[in-house]
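S.K.: Shown below is the structure under consideration.
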Amino acid sequence: MEEIRAWRHVFKLDPNKPIDDERLERLCESGTDAVIVGGTDGVTLDGVLDLLARIRRFSVPCALEVTDIEALTPGFDAYLIPMVLNSCRVDWVIGRHHEAVKQYGDVMNWDEIFAEGYCILNGECKAAKLTEANTALDDDDVVAYARLAEHLYKLPIFYLEYSGTYGNPSLVEKVKRALSRTQLVYGGGIMTPEQAAEMARYADTVVVGNAVYDSFESALATVEAVKRIDGENEISGVK
């Protein structure tokens, strides 16, 4: 978990979307802290294995975000398990997790497995529709989910997911202030270095996903943008 805590910038790659070898190499050697493999739909074992094999040519840490048990495979440095706290379906909070442990609990390496308390905030995204997430939340609702994740469920990660749209930095700041031990991850709509830097001022980890496919050069520039924020914080003494 200590290695994951050190992640400030992460690229998320969808095994259901194409990326050529040249771009993958540039991404993996960009200085990002890790690559997460994961997606909402169309995730297959073949797609995951292909992407894993290609990423493993490089030294960057690689994690699998498990959304479909049929696409689960050994070989990743870590396995991230989403628990959608604002889902209206128990399946996405604990049901699927129970089934996975029932099938594979005897062979699981729990040192490599980390639960993510997800709060999905873009009601129009695929993830919200699939999980039937209640996205009609005010700031107090979201902060309450963050506190539940840290204090009641003792989750190591709280993931604010805007999935395809850029979120509210002031809300991210409020959530960060409510957390002391749980790692705050922000994902959604980061298309420019400026947006990455803005969210990196508050979130422990920023995730860049769609920009890899829609605006590749801009996506690469987000790595340096986050590093600049860390440099500014180091100079000013901010942690």
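Backbone N, Cα and C atoms are what each Cβ position is placed from, and that goes for glycine too.
Swiss-Prot lists Lys12, Tyr159, Leu160, Glu161, Tyr162, Ser163, Gly164, Gly189, Gly209, Asn210 with the feature sn-glycerol 1-phosphate binding site. Taken from Swiss-Prot, the feature Mg(2+) binding site applies to Asp14, Thr40.
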S.K.: Could you tell me which three-state DSSP class Asp14 (Mg(2+) binding site) falls into?
M.R.: coil
S.K.: When DSSP states are folded down to helix, strand and coil, where does Tyr162 (sn-glycerol 1-phosphate binding site) land?
M.R.: coil
S.K.: Using C-alpha atoms, which one of the binding-site residues Leu160, Tyr162, Gly164 comes nearest to Asp14 (Mg(2+) binding site)?
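M.R.: Given the candidates Leu160, Tyr162, Gly164, the nearest one is Gly164.
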S.K.: Which residue among the binding-site residues Gly164, Gly209 has the fewest other Cβ atoms within 10 Å of its Cβ, if you could check?
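M.R.: Candidates: the binding-site residues Gly164, Gly209. Fewest Cβ atoms within 10 Å: Gly164.
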S.K.: Restricting to the record's sn-glycerol 1-phosphate-binding residues (Lys12, Tyr159, Leu160, Glu161, Tyr162, Ser163, Gly164, Gly189, Gly209, Asn210), give me the longest CA-CA distance in Å as a whole number.
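M.R.: Max span of the sn-glycerol 1-phosphate binding residues, Cα based, is 17 Å.
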S.K.: Taking only same-chain residues 6+ apart in sequence, whose CB is under 8 Å from that of Thr40 (Mg(2+) binding site), what do you get?
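M.R.: Thr40 (Mg(2+) binding site) has long-range Cβ partners Thr67, Cys125, Lys126, Ala127, Leu130.
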S.K.: To see if you understand the setup: which same-chain residues, six or more apart in sequence, place their Cβ under 8 Å from that of Lys12 (sn-glycerol 1-phosphate binding site)?
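M.R.: Result: Val35, Ile36, Val37, Gly38, Glu65, Gly187, Val207, Val208, Gly209, Val212.
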S.K.: Residues near the sn-glycerol 1-phosphate site, Lys12, Tyr159, Leu160, Glu161, Tyr162, Ser163, Gly164, Gly189, Gly209, Asn210 excluded, by Cβ within 8 Å of the Cβ center?
M.R.: Asn122, Cys125, Thr165, Tyr186, Gly187, Gly188, Ile190, Val207
S.K.: Minimum Cβ neighbour count within 10 Å among the binding-site residues Leu160, Tyr162: which residue?
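M.R.: Ranked by other Cβ atoms within 10 Å, the binding-site residues Leu160, Tyr162 bottom out at Tyr162.
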S.K.: What does DSSP assign Gly209 (sn-glycerol 1-phosphate binding site), in three states?
M.R.: coil
